[in-house]
Amino acid sequence: MKSYISLFFILCVIFNKNVIKCTGESQTGNTGGGQAGNTGGDQAGSTGGSPQGSTGASPQGSTGASPQGSTGASQPGSSEPSNPVSSGHSVSTVSVSQTSTSSEKQDTIQVKSALLKDYMGLKVTGPCNENFIMFLVPHIYIDVDTEDTNIELRTTLKKTNNAISFESNSGSLEKKKYVKLPSNGTTGEQGSSTGTVRGDTEPISDSSSSSSSSSSSSSSSSSSSSSSSSSSSESLPANGPDSPTVKPPRNLQNICETGKNFKLVVYIKENTLILKWKVYGETKDTTENNKVDVRKYLINEKETPFTNILIHAYKEHNGTNLIESKNYAIGSDIPEKCDTLASNCFLSGNFNIEKCFQCALLVEKENKNDVCYKYLSEDIVSKFKEIKAETEDDDEDDYTEYKLTESIDNILVKMFKTNENNDKSELIKLEEVDDSLKLELMNYCSLLKDVDTTGTLDNYGMGNEMDIFNNLKRLLIYHSEENINTLKNKFRNAAVCLKNVDDWIVNKRGLVLPELNYDLEYFNEHLYNDKNSPEDKDNKGKGVVHVDTTLEKEDTLSYDNSDNMFCNKEYCNRLKDENNCISNLQVEDQGNCDTSWIFASKYHLETIRCMKGYEPTKISALYVANCYKGEHKDRCDEGSSPMEFLQIIEDYGFLPAESNYPYNYVKVGEQCPKVEDHWMNLWDNGKILHNKNEPNSLDGKGYTAYESERFHDNMDAFVKIIKTEVMNKGSVIAYIKAENVMGYEFSGKKVQNLCGDDTADHAVNIVGYGNYVNSEGEKKSYWIVRNSWGPYWGDEGYFKVDMYGPTHCHFNFIHSVVIFNVDLPMNNKTTKKESKIYDYYLKASPEFYHNLYFKNFNVGKKNLFSEKEDNENNKKLGNNYIIFGQDTAGSGQSGKESNTALESAGTSNEVSERVHVYHILKHIKDGKIRMGMRKYIDTQDVNKKHSCTRSYAFNPENYEKCVNLCNVNWKTCEEKTSPGLCLSKLDTNNECYFCYV
C-alpha cells in the first residue's frame, strides 16, 4: 500500500475541500478578511468529462481510475470553446459541515488562494510552516518562506538576478543602489520612473482583501473584517538567554510562528504593486496585533500588462508528495481557441509551453490565417513549412549510420537474458557469449570506426570480442538506471571498442597549471565570509540596507541575467531553456589531443557573449591551437592553460567562428591560418581588462583564479563566488584531476561525491548547480559540469559533482576556478523576442519543480520506496525502458560480481528519491476551472525535460501502445524542431497525441 496513494486521498486533494469536502473544513485563515478558501473560480468542483480526463492530466492518472486520469478537460487539439469540457465547468458550491479534523491538516495542501473581488490580485492564506511561490505573469516573481518569514521579489523588468526583500523598507524592483532610510522606517516615493518600495504599517483594509469573486462571493465576504478589530501591538520576538548572539530586530510587525497562520494579499492598483502581510492565531483574540506590514512598489508602464497569476504550493504526507499549480487568468485577451491549446499544454505538466503550443498548431491542418500563429516567435512561424517537411521527408541516414543503429539494437537484445516474467533484465555472462554476438560485436566496432571522428580507433588498438563485451558490460552496469535511448547513445562512444580502454583519456586532458603566487597585500580571508561584519550590523541598524555586499560587482549590470526561472541563487540550469543562447552551444569533442584548456576557455568566453546578448556562436578552437607563437610540432601533446588563451587573442586581436575554421584534432599543430575576408571576428571591440586584485585570488591580466584549498575553512564562500560568476557570466573554468577518476563509463546523471587532488590535469566548465538528497537522506548541492569529451560521454557531455565532497577529503574535487575579466559591449540589437504565448503562460523550468520539492524535503519524514516497489510502479506506468534489472537489484552477494542484474556502481552517493510526486494543475478563468494531474515516479522524473508517459491515447486502451511508440522512436525525433509532430507522423493509425511529451 505504500506504493500507491489512496483513491480517497487523491479525491480529497483534487476537490480541494472547498466544493466536496472529504473530512470537513478548518476555519483557519478567515482573520482579516475573507475565508481561507478557494474562491473566484478556484473550487475544484465536479469535473466530470471524458474518461481520460484532462488533456493536461498525466497519462498515468490516479490510481484506481483509467490509465490516463480522471479530471476532465478537453481532448488534445480540441479548440472549440463551445465544448463544455474544453472550456471548463461552472463552479457550484456545496454546503458541507465546517468541522475540522487533525488529519485534514496533514494530508492536503494547506496553502489556499483566491482572487480578490474588486482588485486585480490574489489573497493567499495558510499555516506558518507552509511555503509557496507566486508569479505575476510575465514580470514578477514572489518567493514566500513562511517558516523564516522571508518574502523575496524578483522581476524581469530589469536585467538583474538580485532579489529584493519584503522586510527591507527600501530597495527597488529595477534600481540597484544603497538606500538610506528615514529613522521611522518609511521611505518616501522617489519618483515614478523607477520601481520604489514604500514601507508602511497599517490596519488591514477590508476592501482590498476581499477574496470573493463574481462566482462565489458569499463564501468569504462574511468574514472579511474579523482581524481589523484587534488593537494591541505585537512585540518583536526576543532572544533567549542562551542565544550566543543578539539577533537584530526584525523590520516586520508580523513574524510567523508555529501554530499561527498567515495571510498575504497581492494586488495591482494603477502602476503600483501592493503587498500586505499579516500573521494571526487560530482563534480570534481581541488582544492580537491588528497591524499589517505593507509594501508598495512603483512599476513602470509596460507594453505587456500582467495577464495571469500563477501560484505553486507543495505538501508532503506519508511519503506522498503533492505539487499544486494554479493559474488564474486575470487579464487575458488571448483568443479562446489559442488559450485552450495553451492551457492544455499547461495542464499536461509540460514545461515548454511554446514547443507544445507550436506542436498543437503543426498537427492541425495548415491554416495560414490562424490567429494563434501570432503567439509564436516569428522565426518559428516563418519555418512552419520547413518544419513540416522535416518530418515528412523519408530520407534515410547514410548506409553506415543505418547499419550502426541496427547493430546497436541487435547487441542490446543479445546481451540480456529473458527472465521468467519475459523481461530482459539480466546480463549474460562472458561464457554465454555465442558466435552470433561475437560477430555482431566486431561488425559494430568496424562500423563505429567508420563514423568516429575523435581519433580513438585510429590511435589505439581495437580489442577482440571479449574486450568489447567486457567494456560494454561495464558501461551498462555503471548506467543501469538509464533508459534505452540513452544507452543507445552511449554505445556510440568509440572507447568501448578499445583493447586497453583506460588508455582513452591519456590524451584527452591537457591542462598545465601556471606558476602564480598570491598577492598577500590583497589577501583577506574574511571578505567573502558570510558572517556580517560589525560595520554591516551598524549600518543596518541605522537604516542603510546593502542589497548584497558580496554579489554586487561593478560589472553585474552589464550582463543579461534576468532568467530567474532557470538560474538563481538556489539552482541554475540554463540548459533546460531551449531558447536560451547557452543551451544552443553544443557539447564538443577535443579528440585525441590535449586541448581541454582551449575548449574550457573558449566556452567560457562563448557564455560571456551569450550573457551580453549575442547569438550563440562557437569560437574556433583550431585557430587558438595553431596561432601559438611557440613550437607547433607537439602541440597536441603539450597542454597549456587559459592564460595562454587570453594571450593569443590579445596578440592577434581576432577570434574566428568555428564555422570559419572547423576543429579537427589531426590539424592541430599546423600554421596559424591567414584570416579570410568573410570570417567573422567574435572578438570585435573586445578588451582584456587588467587584474582586479580580488581577495583570496590569483590575479593576472584578464582573469581571476580562486583555489579551493584557500577556502578550506570557508567553502561556503568559495561556492558563493562560483554561483555569482555563473549567474553573471554563464560559466566558469574549473581545474580538476581526471586521471584515475574519470573514464569512458563515468556516469553523468548521478551526482558524484569525489575527493580532489593537490594538482590538476584537466580543464572543464561549471555551468550550473542544483540540489539533491544523498543516500543518507541529507540535503546536498551539486555543480553541473561541462566536459569536452563529446555528447556520448557522461550525461550528453555533462556530469554532476557534489559541491563539498566527502568530509574526509583533504582537497575539493574542484581544484581551482578561473574567471575571465573582459570587456565586451552589450548587444541589444539581435536579442530575439520570445514567443508572445509567454505573456500569458509562465516560461517554466523542470529545475523549478524539483527545487520546490527539495526546499520542502523533510529528512525526518522521508519515506523512500524499495526497488521492488519502484519496479512495480514502472510497470504500472507502462514505460518498458525505465530501468534494466530492477527486479533483482541488490541480490548479488557482497564482494562478488553479479551477472544477474545491472547494479548501480561508481562513487555516487545520490539516491533517486523514490517518493511519489503528484502534480495537480488548475487553470481558472471566468469563474470556471479546468484540471489536470501528472504523476512522477520519483524526484528525478520531475526534473526531466521530456517524458513519453505524457503521451495521450484517444482510446485509453491504447495508452501503453502510445507510450511504447514514443519510447521506441524518441531517438529518431528528439533532434527535430517539433518532436511531437515527428512522432505523430510515425503514428500511422492516428491513435496517439504526442505534443505533451
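Keep in mind that glycine also has a Cβ here, set from the backbone N, Cα and C atoms.
If you check Swiss-Prot, you get these features:
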{"type": "ACT_SITE", "residues": "His762", "note": "active site"}
{"type": "ACT_SITE", "residues": "Asn787", "note": "active site"}
{"type": "COMPBIAS", "residues": "30-51", "note": "compositional bias 'Gly residues'"}
{"type": "COMPBIAS", "residues": "68-84", "note": "compositional bias 'Polar residues'"}
{"type": "DISULFID", "residues": "Cys445-Cys497", "note": "disulfide bond"}
{"type": "DISULFID", "residues": "Cys567-Cys572", "note": "disulfide bond"}
{"type": "DISULFID", "residues": "Cys581-Cys610", "note": "disulfide bond"}
{"type": "DISULFID", "residues": "Cys593-Cys636", "note": "disulfide bond"}
{"type": "DISULFID", "residues": "Cys627-Cys672", "note": "disulfide bond"}
{"type": "DISULFID", "residues": "Cys755-Cys809", "note": "disulfide bond"}
{"type": "MOD_RES", "residues": "Thr549", "note": "phosphothreonine"}
{"type": "REGION", "residues": "26-107", "note": "region 'Disordered'"}
{"type": "REGION", "residues": "181-252", "note": "region 'Disordered'"}
{"type": "REGION", "residues": "373-390", "note": "region 'Interaction with host VTN'"}
{"type": "REGION", "residues": "579-997", "note": "region 'Thiol-protease-like'"}
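Everything Swiss-Prot records as a feature, shown here on the structure.
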| residue | record | Cβ within 10 Å |
| --- | --- | --- |
| Cys445 | disulfide bond | 24 |
| Cys497 | disulfide bond | 25 |
| Cys567 | disulfide bond | 28 |
| Cys581 | disulfide bond | 23 |
| Cys610 | disulfide bond | 24 |
| Cys627 | disulfide bond | 18 |
| Cys636 | disulfide bond | 22 |
| His762 | active site | 26 |
| Asn787 | active site | 28 |
| Cys809 | disulfide bond | 14 |
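Considering only the recorded positions Cys572, Cys581, His762, Asn787, the residue whose Cα is spatially closest to the Cα of Cys636 (disulfide bond) is His762. A separation of roughly 13 Å, to the nearest angstrom, links the Cα atoms of Cys581 (disulfide bond) and Cys567 (disulfide bond). Working note on the disulfide-bonded residues Cys572, Cys593, Cys672, Cys755: by count of other C-beta atoms within 10 Å of each C-beta, Cys593 ranks first.
Taking CA atoms as the reference points, Cys809 (disulfide bond) and Cys445 (disulfide bond) are 40 Å apart. When the Cα atoms are compared, Cys593 (disulfide bond) and His762 (active site) turn out to be 12 Å apart. Taken as a whole, the region 'Interaction with host VTN' (373-390) shows an average pLDDT of 75 in this prediction.
Of the recorded residues, Asn787 (active site) and Cys672 (disulfide bond) place their C-alpha atoms 26 Å from one another. Of Cys445, Cys610, Cys627, Cys672, all annotated as disulfide-bonded residues, the residue with the shortest Cα distance to His762 (active site) is Cys627. Taking Cα separation as the measure, Cys567 (disulfide bond) is nearest to Cys610 of the disulfide-bonded residues Cys445, Cys497, Cys610, Cys627, Cys755. Comparing C-alpha positions, Cys755 (disulfide bond) sits nearest to Cys572 among the disulfide-bonded residues Cys445, Cys572, Cys627. Across the structure, Cys672 (disulfide bond) and Cys445 (disulfide bond) place their CA atoms 35 angstrom apart.
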